[in-house]
Amino acid sequence: MPKNSKVVKRELDDDVTESVKDLLSNEDSADDAFKTSELIVDSPEEKDTDVEEGSEVEDERPAWNSKLQYILAQVGFSVGLGNVWRFPYLCQKNGGGAYLLPYLILLMVIGIPLFFLELSVGQRIRRGSIGVWNYISPKLGGIGFASCVVCYFVALYYNVIIGWSLFYFSQSFQQPLPWDQCPLVKNASHTFVEPECEQSSATTYYWYREALNISSSISESGGLNWKMTICLLAAWVMVCLAMIKGIQSSGKIVYFSSLFPYVVLICFLIRAFLLNGSIDGIRHMFTPKLEIMLEPKVWREAATQVFFALGLGFGGVIAFSSYNKRDNNCHFDAVLVSFINFFTSVLATLVVFAVLGFKANVINEKCIIQNSEMIMKFLKMGNISQDIIPHHINLSAVTAEDYHLVYDIIQKVKEEEFPALHLNSCQIEEELNKAVQGTGLAFIAFTEAMTHFPASPFWSVMFFLMLVNLGLGSMFGTIEGIVTPIVDTFKVRKEILTVICCLLAFCIGLIFVQRSGNYFVTMFDDYSATLPLLIVVILENIAVCFVYGIDKFMEDLKDMLGFAPSRYYYYMWKYISPLMLLSLLIASVVNMGLSPPGYNAWIEDKASEEFLSYPTWGLVVCVSLVVFAILPVPVVFVVRRFNLIDDSSGNLASVTYKRGRVLKEPVNLEGDDTSLIHGKISSEMPSPNFGKNIYRKQSGSPTLDTAPNGRC
C-alpha cells in the first residue's frame with residue numbers, strides 16, 4: 001500500500017475516533033461515573049436466563065427445585081386446620097351431603113378463578129404481593145401492604161394453635177392418656193372426684209383447666225401460662241428455622257409437612273371403619289337435607305369457607321408462585337390445588353364423622369345402661385308396672401333396640417307422669433347433632449373419642465402430630481406472604497427479617513398464652529381476617545380487571561401460558577366474581593352487625609361455657625384490628641394520588657446493580673397502554689425522535705444514566 005494511502009487510513013481512523021468522542025460528549029457530566037460503573041453487555045450465555053425487565057429480582061431470585069415441591073407447598077398452605085375442624089362442622093350444620101353442592105358451585109365461581117388470578121400475577125411479575133400491586137397500579141399499592149398486615153395478624157394467633165397441638169403431642173406419650181379420667185381430690189377425711197370435671201367431662205376439664213388454665217373472662221389476665229408459653233416459643237423456633245432461608249429451606253420440609261397429614265388421615269379412616277358405630281356417623285353426615293340449601297346463610301358460609309380454604313388475599317399464593325418459571329402452567333396448578341383442597345376436606349370429614357359416630361355409640365351405650373338401671377329402680381319402687389315390660393326383654397343386659405321399645409311403651413303409658421321420670425331417649429342422632437367445631441372438635445370431642453381407641457396413646461400422637469404439620473404448612477405460606485414482599489421491596493436480608501419477624505411475633509403472642517389468651521384467639525380469629533381479606537381480594541379483582549384491563553390481562557396469560565385461557569375466566573373475573581365478592585362482603589358486614597360482639601367464657605363454678613360481651617376496651621381492639629388491616633389501602637392511595645412523598649428515589653423509580661447490569665423500574669406505571677405484566681414499559685417503546693439523546697436520565701439521580709431497556 002502506498003504511503004499516502006496509510007496517511008488517508010490514519011486520518012479516517014482519527015475521524016471515527018472523533019465521531020465516537022462526539023457521540024459520548026452528548027452525555028452529561030455523569031459519563032465518568034457511567035463509564036467506571038460495572039456495566040457489561042449481555043453475553044450470549046446470559047440470554048437464556050430468566051430475566052424480567054424492570055424487576056429487581058432477576059437472576060438472584062431463588063426457584064423451586066421441582067414442580068412437585070411447589071405443588072406441595074401450595075397444598076400445604078391451602079390445606080390447614082380449617083379443613084379438619086371447620087369444613088366437617090359446616091357440612092353437619094348446613095345439610096350434610098347437600099352442602100357439598102353449593103360448596104362445589106362456589107369453588108368454581110369464586111375459588112378457582114381468583115386462585116388462578118393470584119397465581120398468574122405472582123408468576124409473571126415475580127414479586128411478592130407489595131411489588132405485584134405496585135407494578136400494576138402504584139395507587140393501589142396499599143393492597144400488598146394490607147395483605148402483609150393481615151398475614152401478620154393471622155400468624156400471631158395461628159401459631160398459638162400449633163403450640164396447643166405441641167402441648168397435647170408431648171402429653172400423649174402416656175398410658176392411660178392424662179385426659180382419660182377425671183382427677184381425684186384428697187382431703188383430710190376422704191377422696192372425691194374434682195367437681196368441675198365431674199360436672200363437665202374429663203377431656204373438657206383437661207382442656208380448660210390443665211392445658212389452658214383459663215380465666216373466667218377476657219378482663220381477668222391471670223398471668224402467663226408457662227406451659228403454653230414454652231410451647232409457643234417452640235412453635236416459633238420451628239417456623240423460624242424452616243423459613244430462615246425462604247423456599248430453599250421450607251421447600252425441603254414440605255415433603256413431610258404436606259404429605260404426612262394424608263398418611264394420618266388415611267390411617268384414621270381405616271381404623272375408624274373398624275370401630276363400632278362409624279357407619280352411623282358417616283350415614284348421618286351424608287344424609288342430605290335439601291331444604292336447608294335454600295337458606296342464604298348456607299351459601300354465605302360455603303363462600304366464606306371456599307375463600308379462606310384456598311388462602312386468597314394472604315399473599316402466600318402470590319409469593320410462592322413468584323418463584324416459578326414464567327412458562328409454568330399455573331392454570332393447571334390452580335385447578336389441581338383447588339380440587340386437592342376439596343377432596344382433603346371431604347376425606348377429613350369422613351374421618352371426623354366416622355370417629356364421632358364411634359364416640360356417639362360409646363356414649364349411647366352408657367346412656368342405655370344408666371337409664372335401664374333407672375327403669376329397674378322404678379319397677380322395684382312400683383312407679384312402673386312390670387306388666388308393661390315385654391317378657392323377652394332383660395333390662396340388665398338390654399340392647400339399643402329393646403331399650404327404645406321399652407322407652408316408647410313407658411312414654412305412652414305414663415304420658416302425664418313421664419317428664420318426672422327424667423328418662424333419656426338415648427338416640428345416636430341426638431349425640432351426632434351436637435355440632436362441634438374448632439378447638440372444641442380437636443381438643444375435646446376428638447380426644448375423648450381417642451381415649452376409647454385400642455392403643456390410644458399411639459393414635460393421639462399421630463393425630464396431634466398431624467395437626468402440627470397442617471399448621472406448619474399454613475404458617476410457611478403465611479410467613480412467606482410477609483417476608484417475600486418486604487424483601488423484594490426494601491431489599492433487606494431474608495434471614496435477618498425472618499428472625500426479627502418471628503421474634504416480634506412471639507413477644508406479641510404472649511397475650512395469647514395468658515390464662516385469658518383463648519379469648520384473644522377468638523377475637524383475632526373473628527375480626528382480624530374476615531372483612532380485611534374480603535376487601536383485599538375485591539381490590540385485587542378490580543385492579544386486574546378494571547384498572548389494568550381484563551383484555552390486556554388475557555393477552556398476557558396467552559403469552560405466558562402458550563395458550564389462551566377459557567373465556568369462562570374472562571366472564572368470571574369481569575362480572576361474576578366481583579358481584580359474588582361484594583355480596584359476600586355485604587352479607588358478612590350484616591351478619592357481624594347482627595351478631596353481638598362477644599365470646600364464650602368458661603365459668604369454673606358452673607363448669608360450662610357462657611356467652612359474655614366484650615368490655616369497652618375489647619370493642620376498641622376489635623374495631624382497631626379491622627381498621628389497621630385496611631388502613632394501608634387508603635393511605636397509599638392518597639400519598640401517591642397527591643404526591644405527598646417523593647418516590648423519585650424510592651422503589652418505584654430505583655436503579656439497582658445486579659451482576660453488572662443496571663435494572664430500572666418504571667417511575668409511573670399508570671396510563672401505560674402496553675402490557676405491564678408482559679414486562680413492557682413506556683420507556684421501552686421506540687423513540688420517534690432519533691436526534692435526541694437515547695439515554696433517559698434517572699430522576700433524582702445526578703450521577704447515573706440508564707439505557708431505555710435497563711441494560712448496557
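In case you wondered, yes, glycine gets a Cβ from its N, Cα and C as well.
What TrEMBL says about a protein is an automatic prediction, not a curated fact.
According to TrEMBL, the protein has these features:
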| type | residues | note |
| --- | --- | --- |
| REGION | 1-60 | region 'Disordered' |
| COMPBIAS | 43-59 | compositional bias 'Acidic residues' |
| TRANSMEM | 70-88 | transmembrane segment |
| BINDING | G76, V79, N83, N341, L470, S474 | Na(+) binding site |
| TRANSMEM | 100-121 | transmembrane segment |
| TRANSMEM | 142-169 | transmembrane segment |
| TRANSMEM | 224-244 | transmembrane segment |
| TRANSMEM | 253-274 | transmembrane segment |
| TRANSMEM | 302-323 | transmembrane segment |
| TRANSMEM | 335-356 | transmembrane segment |
| TRANSMEM | 458-483 | transmembrane segment |
| TRANSMEM | 495-513 | transmembrane segment |
| TRANSMEM | 533-550 | transmembrane segment |
| TRANSMEM | 571-594 | transmembrane segment |
| TRANSMEM | 614-639 | transmembrane segment |
| REGION | 692-712 | region 'Disordered' |
| COMPBIAS | 696-706 | compositional bias 'Polar residues' |
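Features per TrEMBL, on structure.
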residue : record             : contacts (Cβ under 8 Å, 6+ apart)
G76     : Na(+) binding site : V254, S257, S258, L472, G473, S474, F476, G477
V79     : Na(+) binding site : S258, P261, I340, N341, T344, L470, G473, S474
N83     : Na(+) binding site : A309, N341, T344, S345, A348, L470
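The list of residues near the transmembrane segment (70-88) in space but at least 6 beyond its ends in sequence, with Cβ under 8 angstroms from a Cβ of it, reads 64, 161, 247, 250-251, 254-255, 257-259, 261, 285, 305, 308-311, 316-317, 320-321, 323-324, 333, 336-338, 340-341, 344-345, 348-349, 352-353, 437-439, 441-442, 467, 470-474, 476-478. Cβ neighbours within 10 Å of L470 (Na(+) binding site), excluding its own Cβ and spanning all shown chains: 29.
Listed in sequence order, the residues V75, F77, S78, G80, L81, G82, S258, P261, T344, G473 complete the 8 Å Cβ shell around the Na(+) site centroid, once G76, V79, N83, N341, L470, S474 themselves are left out.
Taking the binding-site residues N341, S474 in turn and counting surrounding C-beta atoms within 10 angstroms, the largest count is reached at S474. When each of 224-244, 302-323, 533-550, 571-594 is scored by its Cβ pairs under 8 Å to the transmembrane segment (495-513), the top-ranked stretch turns out to be 224-244. Counting Cβ pairs closer than 8 Å and at least 6 residues apart in sequence, the transmembrane segment (100-121) and the transmembrane segment (302-323) reach three or more and so form a contact. The transmembrane segment (224-244) makes no contact with the transmembrane segment (533-550): fewer than 3 of their CB pairs lie within 8 A, with pairs spaced 6 or more apart in sequence. Sequence-distant contacts of the transmembrane segment (335-356) (same chain, six or more residues past either end, CB-CB distance under 8 Å): 71, 74-75, 78-79, 83-85, 87-88, 91-92, 100, 103-104, 107, 111-112, 115-116, 262, 265-266, 268-269, 272-273, 275, 278-279, 281-282, 284-285, 309-310, 432, 441, 445-446, 449-450. Across 142-169, 253-274, 302-323, 533-550, 571-594, the stretch most heavily in contact with the transmembrane segment (458-483), judged by Cβ pairs under 8 Å, is 142-169. Of the Cβ pairs linking the transmembrane segment (533-550) with the transmembrane segment (142-169) and spaced 6 or more residues apart, 3 or more are under 8 Å, so the two regions touch. Among the recorded stretches 142-169, 253-274, 571-594, the one sharing the largest number of Cβ pairs closer than 8 Å with the transmembrane segment (302-323) is 142-169.
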